[in-house]
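Here is the structure we will look at, set down as structure tokens.
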Amino acid sequence: MTQKRLFGTDGIRGTANTAPMTAEIALRVGQAAGLLFTRGDHRHRVIIGKDTRLSGYMIEPALTAGFIGAGMDVTLVGPLPTPAIAMLTRSLRADLGVMISASHNPYEDNGIKLFGPDGEKLSDATEMEIERLLHADLSGQLAAPAALGRAARLEDAAGRYIESAKSTFPKSQRLDGLKIVLDCANGAAYRVAPTVLWELGATVIPLGVSPDGFNINSGCGSTAPDYLCAQVVKHGADLGIALDGDADRLLVSDERGHLVDGDQIIALIARSWSASGRLRGDGVVATVMSNLGLERFLKANGLILDRTRVGDRYVAEQMRATGRNIGGEQSGHVILSDYATTGDGLIAALQILSVLVEEGRPASETCRVFAPLPQKLKNVRYHRDNPLLHPRVKQAIADAESGLNGHGRLLIRRSGTEPLIRVMAEAEDETTVIRIVDELCDIIAVSAESETQVHLS
């Protein structure tokens, strides 16, 4: 196998009870990953967590059966943030960690994310090997009856993560006097995130903390930030924090109800850590989606912006390769490798709050670190073939790049997690940005529709 079929940029993802997100495939994933990670003579263990989707009740036991059949003991921790699973995998010296989540997607979708014993997302090569085993005949490799694994629940898993998150906040600081609106997206952090802020002294106004299996990311969380911004203004809060369904990313609202994206958060933390001597390396790592304003701000402060392809796993890989300890995405994935191996929305929020406490200024001043260039991102859904291969689309892209004449950026790519074409343009002139994105999206949409009609005819 020369390329991955099941694994995208963030694990395996799809519509629940439809391939590849079926109980049968989840069972095979458990068997394949279990066989790959049962090396050595010690008892082997996998940590399995999930978010609050209804389909988690289907995927969790299927994975559990697969791992047990491969001879691995399974530790079930229930609904917890993705970064908590990475942390527990390291802390409990497990061989593997698994998070059942489709992150910011609606409840109909689900996914499987895998972490190695170091708490890092698996490499492309390892994922390819799991896919190879998944399609192989494993009947002669599974555990003998006496070597089957066992399953048990870790009752204090939430408490362990709560204490781990709190330990990243300066012991000399408290959140007394701060009113914070916290939107947990009816997702994995609905219990732990409010507890952390409350125990540190904040007055917490919790939103999205009543999951029912269907309402994850539904009109709430980081995918619906307007709700957060409105609630911040309504309650006269000092700050608003919105997490996504698995709490590995965040967006923030200042006290005026203005949104603060991942680029501003990265700049804020980088400025603070650079001033205190905590910033490692000569800059930060972000993706090609990050605003040129962030790059200019860092350059003005003697730092560089090291760009990677889209996906927090690629940001993390580049951080490890370069020794940098801050990285992230405009979408709100913020990786602080001093504390976590993956994006952690709650830990990033605590760093923002630490700066607010230290500076004593309102969030509208503290969190507006640089002036972003006009930028527009728009998605076009497609159903079958890649519309970017259509000659008319290729010509339109070439014309748009020529029109920018080196005074802006154009980025067009397929999503690694959904059947979407993402179109982003950035330039000094907002009117130009809007026109280019809208025109390209119209052409891509027409091409995608024509391809569908060809296949249906």
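Keep in mind that glycine also has a Cβ here, set from the backbone N, Cα and C atoms.
Positions annotated as active site, phosphoserine intermediate by Swiss-Prot: Ser103. Counting only same-chain residues at least 6 apart in sequence, those with a Cβ under 8 Å from the Cβ of Ser103 (active site, phosphoserine intermediate) are Asp10, Thr82, Gly111, Asp244, Gly245, Asp246, Asp248, Arg249, Thr417.
Among the features that Swiss-Prot reports, Mg(2+) binding site is placed at Ser103, Asp244, Asp246, Asp248.
The feature phosphoserine is assigned by Swiss-Prot to Ser103, with sequence analysis given as support.
One residue stands out among the binding-site residues Asp244, Asp246, Asp248 for having the most other Cβ atoms within 10 Å of its Cβ: Asp246. Compute the center of the Cβ atoms of Ser103, Asp244, Asp246, Asp248, which mark the site for Mg(2+); besides them, the chain residues with Cβ within 8 Å of that center are Asp51, Pro81, Thr82, Ser101, His104, Gly187, Ala188, Leu243, Gly245, Ala247, Arg249, Gly343, Gly345.
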